[in-house]
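If you check TrEMBL, you get these features:
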- 6-25: transmembrane segment (TRANSMEM)
- 45-81: region 'Disordered' (REGION)
- 66-76: compositional bias 'Low complexity' (COMPBIAS)
- 90-111: transmembrane segment (TRANSMEM)
- 99-331: domain 'Citrate transporter-like' (DOMAIN)
- 131-160: transmembrane segment (TRANSMEM)
- 172-200: transmembrane segment (TRANSMEM)
- 212-231: transmembrane segment (TRANSMEM)
- 252-273: transmembrane segment (TRANSMEM)
- 300-328: transmembrane segment (TRANSMEM)
- 359-386: region 'Disordered' (REGION)
- 359-369: compositional bias 'Polar residues' (COMPBIAS)
- 372-384: compositional bias 'Basic and acidic residues' (COMPBIAS)
- 422-483: region 'Disordered' (REGION)
- 459-472: compositional bias 'Polar residues' (COMPBIAS)
- 512-535: transmembrane segment (TRANSMEM)
- 515-592: domain 'Citrate transporter-like' (DOMAIN)
- 555-577: transmembrane segment (TRANSMEM)
- 615-639: transmembrane segment (TRANSMEM)
- 659-681: transmembrane segment (TRANSMEM)
Amino acid sequence: MEDTHLDVHSWLVAITFMVVIALVIHPVRIPLPIPAITHAAKRRIQERRDRQDQLPLESEDTLTTSPASASASAPSKKQKRPRKYYPHGIVLNLASAPVLGVLFLLATTSIKIQSVRDGIVGAPGTGVEPYAVMVLFMSLAYICISLDMTGIFQYAAFWIAQRANGSGQRVFFSFFILSTLMSGLASNDVVVLTMTPFLIYFAGAVNLDQPVAFLMAEFQTANIASMALYIGNPTNVVASQAYKISFLEYSAWMLLPCFACVIACYAMLRIVFRDQQYVPLKINSPGIDPRTCLIDPKGAIFGLCVLASSLICLVGTSFAHVSVWIVTGPFALLSLCRDAWYDWQGKFLGVGSRREISQGTCPPQQQQEAADLERGSGAKKDGVGDAFSVTEREAEILELPELMTEPPPSRATVTDLSYILTSEADDPEDLEDRLSVGSTRSPKAGPSVSGSDQEKCSTPESEGQSVNSPTASPVHPPQTMGADTFARQHSATTTDRQMLKDKGWFERRWPLLHAIFVRMPWPILPFTFGMFILVEGLSHTGWIGLFATWFSYLVPSYVAAVYSIGLLSVVLCNLFNNIPMTILVARILQHSNFMDVLSSQVATSNDKEAIVRGCVFALIVGSNLGACTTFIASLAGLMWDTVLRNKGRNLGFWTFAKWNAAVMPLVILTGLSVLVAELTVMYY
């Protein structure tokens, strides 16, 4: 057994690890009093002032706010003193905090360069290759986001809703199955970033006052069904690589627990949300032709073929023990080439050629249409507006100041599926201001949208209200608008002609690739690599050996191993987030201290193998199901909460935890019990 002596550096590494986790869960922005020199910084300050100036005007023009609520909220707005805003600052979030933590530990010599190397390429003997995990995850993310840009997921959702014939229970069940299939075949992040904004729009379109049941079902199935396949969640890949579990072997063990958990989840959801205010008997049809959502049918077929081919190859190559990133990387490159060709042909904007648009030489009307499409206020030729907009809120989260030129969105349209890719928390007061402005803006139709299409595709939703609030109701477009509101909208429209010239070179020439790239989860790269390095630091300073000794006393048998490791993983998800938790626990289970104590406790090698297998798969179950407990338990939860807030909905931390507490305990026990049954059949 290795020595577990701890010194000052050991405690410094542990404290840094906890601080990094805290900053990932609750990001902090440190403003820097630096003058606004760049054009982008000046523009951000000016637009912030404009939003603050518009608040009193908008409150007077608002037709959707009751007089009582308006009189109650007006004094607070006038009394609030705007704080000085600094456009420059240091943001400590999931992208920067792990990197800064690693640099701090290197500067204090608490960790060595060897820890950095092991955190990137993998420590010898562990079997985990962090770079391979990230290549696999990013490749599949690109394939799925590229596929979503074609509108195929929105087409499927509306097609399913149309086939339900107005039955609320059928619609609920259909969306439950759709989220399950999407998460099972792709990943939980794809479901969160695609289905969440769509469900918010759908609730407004069908006058569903409380979509909390649909949103909770979507989030829970996204994390439960991600257990089914190797690629469903990065935690699956980390745990499987640690014990050299192939794609096919993983599915053979996890499909049955996943299927049982899905059934248990649906049963509990129907019990918890049995009231008709959550799942009504009848739901109004949205009156939208699903085909209008399918922006690129050929691209949808191509993307589905690429995704299916990658899954088939993953199954086939699992027998030859080929690294998964070698399989998925070429398919992502194939999708990239196809998207580049699509941009080269100038098909994304639907107006003019790529060169004419990039040079600004196409006719003014076409430039206007292209600018409207870029801003998300226009419509494709099939009548679908807001195709691929990146809102100002998203631009700030993604730290893309060149995109911060549009007002906050006032509604969710058919394909206004905005993807919030990081968990960076914005200033709460600033967010409140934006939602107040955005919730009162009148919808603006694109130049090529007919009246009927505009009515179908621009139905606003109730923004700025709680999802589970009984008073929440859909907001219908006002018939008239104030002169100040019209003047501001007209002023914004006059600048659209210059919009393409203001964009960067890459965005002008490759709009589809740019739209995909800004939606890619890039912050997960530094986050995951940083956490791998920090865990290696814990290992090199003695913490992993100490934890391994403690863990070994929790697993006297395979039944105890499954329930103890599974439940402990769920708890640790809410303390560390599921990805750092999985990296940490996987290293603990691999440590020689754990294996030595385990060998002395069990009688046969068969018992030892059953316990080890039970620990690994219980860790996978806990990392996926533990993500369904609170927002902070997973990156998917943080993104889900950010999407809701960006769309004017606020479920609340404790409300979210309350609904999950009513559903997930039975689901977790079901998954672990099925795993125990599998181990009993296989080893005894």
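Using N, Cα and C of the backbone, Cβ positions are placed for all residues, glycine too.
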Average model confidence [pLDDT] within the domain 'Citrate transporter-like' (99-331): 86
Intrachain neighbours beyond the transmembrane segment (172-200), with Cβ under 8 angstroms and 6 or more residues off its ends: 137, 140-141, 144-145, 148, 153-154, 156-157, 160-161, 163-164, 211, 213-215, 217-219, 221-226, 228-229, 231-233, 258, 262, 266, 269, 279, 307, 311, 412, 416-421, 461, 519, 521, 624, 627, 634-636, 639-640, 643-644, 647, 649
Other parts of the chain folded back onto the transmembrane segment (659-681), taken as Cβ under 8 Å at six or more residues beyond its ends: 212, 216, 220, 224, 227, 253, 256-258, 260-261, 264-265, 268-269, 272, 558-559, 562-563, 566-567, 570, 610, 613-614, 617-618, 621-622, 625, 628-630
For the domain 'Citrate transporter-like' (515-592), residues assigned helix / strand / coil by DSSP: 63 helix, 0 strand, 15 coil
